[in-house]
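Colleague: Take this structure first; my questions come after.
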Amino acid sequence: MNLVLLGPPGTGKGTIAKFIEVRFGTDHISTGDLLRQEVAEKTQAGKHIEPMMNSGQLVEDGLVLRILRKKLGSLKGKSFVLDGFPRNINQGKLLEKLLSDMCLELDLVLEIDSPQDIIVKRLSARRQCVKCMRIYGLDVPSTVPGICDDCGSPTVLRKDDEPQVVRERLRLYGSITKPLSEFYQKKGLIRRIDGNRSLQEIFGEVEKVLSVYA
Ligand code: ADP
Ligand code: ZN
């Protein structure tokens with residue numbers, strides 16, 4: 001079962017992808033995390049990516065695709081949940097080509113949606129571990145504020161979760177990413193889920209939807 005999670009930033013895509021990973025044994029692939037890893041490791045690509053990410057701009061399709069291809073190649077047959085890719089129609093087409101080159105198929109696109117004011121509130125409360133990149137938020141706070149439960153490192157507000165950057169990300173989402181909803185609808189792959197509920201309720205619905213495929 002190979003999935004794409006679609007939806008604006010701050011709708012819990014990462015948390016939902018983690019839930020699916022644990023429940024169904026799929027690999028959670030977050031292009032945002034893969035890109036942040038390049039930045040943290042100060043690779044050549046990372047130096048180029050950092051200012052773009054910090055201002056909420058999208059990284060070039062070709063560069064993200066290269067990083068994603070490497071990651072998919074390392075899965076060795078394990079199924080996956082893509083979180084953060086595709087982010088525009090061109091990436092949707094690139095993904096189709098990449099999967100068919102690798103003899104893989106996309107089974108389902110889960111679209112999660114929430115009202116904008118809730119998204120801004122969630123993102124400004126969100127913290128991420130500087131080391132293992134685990135995300136904490138209103139629904140899932142760390143036990144000790146500012147410290148990661150898993151590795152004891154500090155958790156911080158991401159630069160791109162600052163309010164003016166969040167507004168830019170939401171604007172980009174509406175104009176560039178949202179059209180993928182129709183793109184996948186036409187292919188009969190989309191399933192929409194209301195993200196403005198408790199995580200428990202969302203997990204319950206996701207589980208029901210995916211049980212058909214497992
Ligand atoms: P969110 O989904 O909450 O916006 P992500 O961690 O997925 O956060 O992405 C953070 C940033 O990483 C984006 O604002 C963008 O700069 C970059 N990024 C992630 N995925 C892609 C992608 N598929 N194409 C281009 N840029 C991307
Ligand atoms: Zn950590």
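Cβ from N, Cα, C; glycine included.
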Colleague: Which one of these stretches, 30-59, 180-209, shows up in TrEMBL as region 'NMP'?
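Modeller: Of the candidate stretches, TrEMBL labels 30-59 as region 'NMP'.
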Colleague: Of ARG23, ARG126, which one shares the ATP site with GLY10, THR11, GLY12, LYS13, GLY14, THR15, ILE135, TYR136, ARG197 in TrEMBL?
Modeller: ARG126
Colleague: Between C-alpha atoms, which of these binding-site residues comes nearest to ARG126 (ATP binding site): GLN57, VAL59, CYS132, CYS148, ARG158?
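Modeller: Comparing Cα positions, the candidate nearest ARG126 (ATP binding site) turns out to be ARG158.
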Colleague: Using Cα coordinates, what distance in whole Å links VAL59 (AMP binding site) and GLY12 (ATP binding site)?
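Modeller: With the alpha carbons as reference points, the distance is 21 Å.
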Colleague: Taking the residues the record says bind ATP (GLY10, THR11, GLY12, LYS13, GLY14, THR15, ARG126, ILE135, TYR136, ARG197), how far apart in Å are the two Cα atoms that sit farthest from each other?
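Modeller: The ATP-binding residues span at most 19 Å between Cα atoms.
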Colleague: In angstrom units, rounded to an integer, how far apart are the Cα atoms of GLY14 (ATP binding site) and CYS148 (Zn(2+) binding site)?
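Modeller: For GLY14 (ATP binding site) versus CYS148 (Zn(2+) binding site), the Cα atoms are 16 Å apart.
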Colleague: Which one of the binding-site residues (PHE85, TYR136) has its C-beta surrounded by the most other C-beta atoms within 10 angstroms?
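Modeller: It comes out as PHE85.
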Colleague: Out of GLY14, GLN57, VAL59, PHE85, ARG126, ARG158, which binding-site residues have CB atoms lying under 6 Å from ligand 2?
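Modeller: None, as no Cβ falls under 6 Å.
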